[in-house]
């Protein structure tokens, strides 16, 4: 065995995806086909990395909001149905593709060189997402440092960044509880701290004139990239150990926040508002689309992260079991996060004397305005604030590790003899380049650019990539051959459920999502700011560019072949 491995030390051997099991003869499948790529040092490294990748910021600030706006407890019906139709099958497909090939998102397309553009599109999407995702981590770091004080800086008005509209949103207690506040035309201290101090958005005239760089945000972004680089310095051997902390510790903090939340007075108001079933919502197509979108984005299918992680597995890793652990664990985490968030929002509702829907928001508004405001109402508010933002930091870093590892692995697999020996240097160069590209996000108007990237970088382009991948694997490479590959790895073939989803249900659902997103297209906005036409066009071109990678890849593949056009095809 040692002689055999030594003979192939210079050129890595990978299972030929174009061979059937009978073609491969008596090859020893236990052989480490990709010794020079590196592997996970333990099976738990892979599982925790996948959990950390999937369980991210969206579980905290997107799922709870989508649940209560789409029927409360009734939303769980389409949510778990879409998990079964799209989430689990596509998750398993991507893991299987990566594990069998031991290759990244570009090199894996030896299964059909005609579709290599889909891999390039994945890299473009994940690169754009990584740039703005680390900016969100920078915001989290900013708040984390700001929490290291005896009094939270967003607790009171009267600071230089506050305006005359600032009103400390605290209910005045009488014998019956909180007196309702008239919040019309007022702004909370936490909202002005976020918009006027952290973002300094008043220094920008819009996306076309972003203003000056905010040096405190610039340094936080630099720190975020340094942390990410140090954690992926040695590839999966280093990031695989970091996730033992970053993937598990958020659950401890979430549990602490949950216990604290449900013991607050008025918590039941928020939980009741969050989960009260409104089954008439199920008659609306919007609810089903929202459920599918939540599953699609929360599991991170199509970004290449799952494929990359699986490519570092041993050949017989039980990814079938891991698929169900990660996908169901992700869903349960989202539901638990909803309890933790809405119990606190119920407490705020009672304190302020206003309905829950007046304090509930989605996205960054929940993480950087509403929840920090809620922290100021609690005893030991800096402690709870620090815990909350530390949880967001660990949730965000796991996903960022996956994004960077995807890019580095894909490119080094394409040029293994040049880049693999210098993988650490290459990783550093990628981090530096992305940091420099992300500097526009640290300006006064950086939030406008972040919203544009968030709305368009991984929107319809990502759906096109996943549909193409699904059809290429099942129709071009062949569903029977793919099932035989899985049988070689796991000892059994996927059942009728997986085959039906891969062939029909998953692509059809994603196609419906794509059509729906185009038909119901709405221009981007941030608060009352409406993006100009040129910015909308830039965003649409950003999404189209990833789609155009696929036909461009086909053209390159055909031109590389010898003979006539028909022979090349």
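The backbone N, Cα and C atoms fix where each Cβ goes, and this holds for glycine too.
What TrEMBL says about this protein:
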TRANSMEM  46-64  transmembrane segment
BINDING   52, 55, 59, 298, 330, 395, 398, 399  Na(+) binding site
TRANSMEM  76-97  transmembrane segment
TRANSMEM  118-145  transmembrane segment
DISULFID  157-166  disulfide bond
TRANSMEM  213-233  transmembrane segment
TRANSMEM  242-268  transmembrane segment
TRANSMEM  288-312  transmembrane segment
TRANSMEM  324-348  transmembrane segment
TRANSMEM  383-404  transmembrane segment
TRANSMEM  425-450  transmembrane segment
TRANSMEM  456-477  transmembrane segment
TRANSMEM  497-519  transmembrane segment
TRANSMEM  539-559  transmembrane segment
Same-chain residue ranges lying at least 6 outside the transmembrane segment (288-312) that approach it to Cβ under 8 Å: 34, 37-40, 46, 49-50, 53-54, 56, 58-59, 62-63, 66, 70, 75, 78-79, 81-83, 86-87, 90-91, 94-99, 101-105, 108, 119, 122-123, 125-126, 129, 235-236, 282, 319, 326-327, 330, 334, 399, 402-403, 405-406, 409-410, 458, 462-463, 465-466, 469, 509-510, 512-513, 516
Residue with minimal Cβ packing [other Cβ atoms within 10 Å] among the recorded positions 55, 166, 395: 166
Nearest recorded site to residue 166 (disulfide bond) by CA-CA distance, among binding-site residues 55, 395, 398, 399: 395
The transmembrane segment (497-519) in contact with the transmembrane segment (118-145), cutoff 8 A, at least 3 CB pairs, sep 6+: no
Distant-in-sequence neighbours of the transmembrane segment (383-404), which means Cβ under 8 A and at least six residues beyond its ends: 49, 51-53, 55-57, 59-60, 126-127, 129-130, 133-134, 136-137, 140-141, 143-144, 147-148, 152, 224, 227-228, 231-232, 239, 242-243, 245-247, 249-250, 253-254, 256-257, 260, 300, 303, 305, 308-309, 367, 371-372, 375, 427, 430-431
Other C-beta atoms that fall within 10 angstroms of the C-beta of residue 399 (Na(+) binding site): 25
Most Cβ pairs under 8 Å with the transmembrane segment (425-450), selected from 118-145, 242-268, 324-348, 456-477: 118-145
Paired segments the transmembrane segment (242-268) and the transmembrane segment (46-64) in contact, 3+ CB pairs under 8 A: yes
Dominant neighbour of the transmembrane segment (324-348) in 46-64, 76-97, 118-145, 456-477, by Cβ pairs under 8 Å: 46-64
Distance [Cα-Cα, Å, rounded] between residue 298 (Na(+) binding site) and residue 157 (disulfide bond): 37
Alpha-carbon distance [residue 395 (Na(+) binding site); residue 157 (disulfide bond)] in Å: 31
Recorded positions (52, 59, 157, 330), the one with most neighbouring Cβ atoms at 10 Å: 52
